Amino acid sequence: MSDSSVSNPSDRVKLPTNGDRGAKTRQLLGMKGAAPGETSIWKIRLQLMKPITWIPLIWGVICGAASSGEYTWSLENLLKIAVCMVLSGPFMTGYTQTVNEYYDREIDAINEPYRPIPSGAIPLSQVIAQIIVLLLGGIGLAYVLDVWAGHEFPTITCIAIGGALLAYIYSAPPLKLKQNGWLGTYALGSSYIALPWWTGHALFGDLNWTIVILTLIYSFAGLGIAVVNDFKSIEGDRQLGLKSLPVMFGVTAAAWICVLTIDLFQAAIAAYLIYIHENLYATILLLLIIPQITFQDMYFLRDPLKNDVKYQASAQPFLVLGMLVTGLALGHAGV
Ligand SMILES: C/C(=C\COP(=O)(O)OP(=O)(O)O)CCC[C@H](C)CCC[C@H](C)CCCC(C)C
């Protein structure tokens, strides 16, 4: 698509409604239901980077620092982890989301015409420039962290490049992993759990195969969380031929796949913690699964289409706390 398609923004952009501060905030954070009509190019750029989606990756970095067992509270370490959060949030997730907005522009023109690209608020050439700046900035920052951590092998740079490639094939043709229910949701789950975890771990300790494999197993719980988001768009996905799990298996079966992957893979991690004699941490992790099962029963399984957001808001804090408990356990055990 050429830039001409977005060359006359004033024709297509609606002005913001007075006093709709909630919609303005959603706009800046890159959430659905945002207010249209932003005119500041920097706010539009931020909107493309969807800051709300940075949070899980920033949290993943903290879990990795915990699992390294080497994190101590010094000013230098605080600075290191802050830079690592900037890498995983604004740079790498910002890059990922901008690429996704770029390749979703035609479908967004139908479903979310107020988004920056379909509304014509930013020309495509500037979106491409933003993608390049975030990608090069992210890889450069990853290399700085490798040097800072004294790595002989640039582990963090490799994770950043691998993540960037994954993000590209997730959104861009010909692979467009997001069209495939299993691959797309696992890519999402692993990039939200495993990749930032590896990065935080590598920054302070030695990234090893046990951590890599454990976090890839943990990522199946992330797959379940990613599937929860597919219920809201089931009709549109079906019409567009997107094979999300709810489209492939129907609402009820997909809801069960969702909750079983979330619960069983967290339980599997707790079992591993028992195996390495981290019984207290394992017990806490198991206790944190109980409220998630309760919310699955109260909300999600009863009506996945109506209660998906309510379920995520109530249950997710327990899942993310469990990740930190696991990180601390692995760090304590010296895995
Ligand atoms: C673009 C992503 C999700 C949006 O998906 P979708 O288009 O289905 O949803 P919306 O319609 O609501 O927009 C995320 C995709 C993630 C990707 C597979 C990989 C991300 C890589 C990491 C950012 C890399 C982090 C490396 C770092 C920690 C060094």
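Heads up, the Cβ atoms here are built off N, Cα and C, so glycines get one too.
According to TrEMBL, the feature compositional bias 'Polar residues' maps to 1-10. What TrEMBL lists as region 'Disordered' is 1-23. Residues annotated as transmembrane segment in TrEMBL: 127-145, 151-170, 182-201, 207-228, 249-274, 313-333.
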The transmembrane segment (313-333) touching the transmembrane segment (207-228) per 3+ Cβ pairs under 8 Å rule:
yes
Could you tell me what the rest of the chain brings near the transmembrane segment (127-145), counting residues at least six beyond its ends with Cβ under 8 Å?
45, 48-49, 80, 83-84, 86-87, 90-92, 94-95, 98-99, 101-102, 117, 154, 156-157, 159-161, 164, 199, 203
Folded-back contacts onto the transmembrane segment (182-201), same chain, C-beta under 8 angstroms, at least six residues removed:
56-68, 81, 84, 87-88, 96, 142, 155-156, 159-160, 162-163, 166-167, 170, 207, 211-212, 215-216, 218-227, 230, 244-245, 323, 327
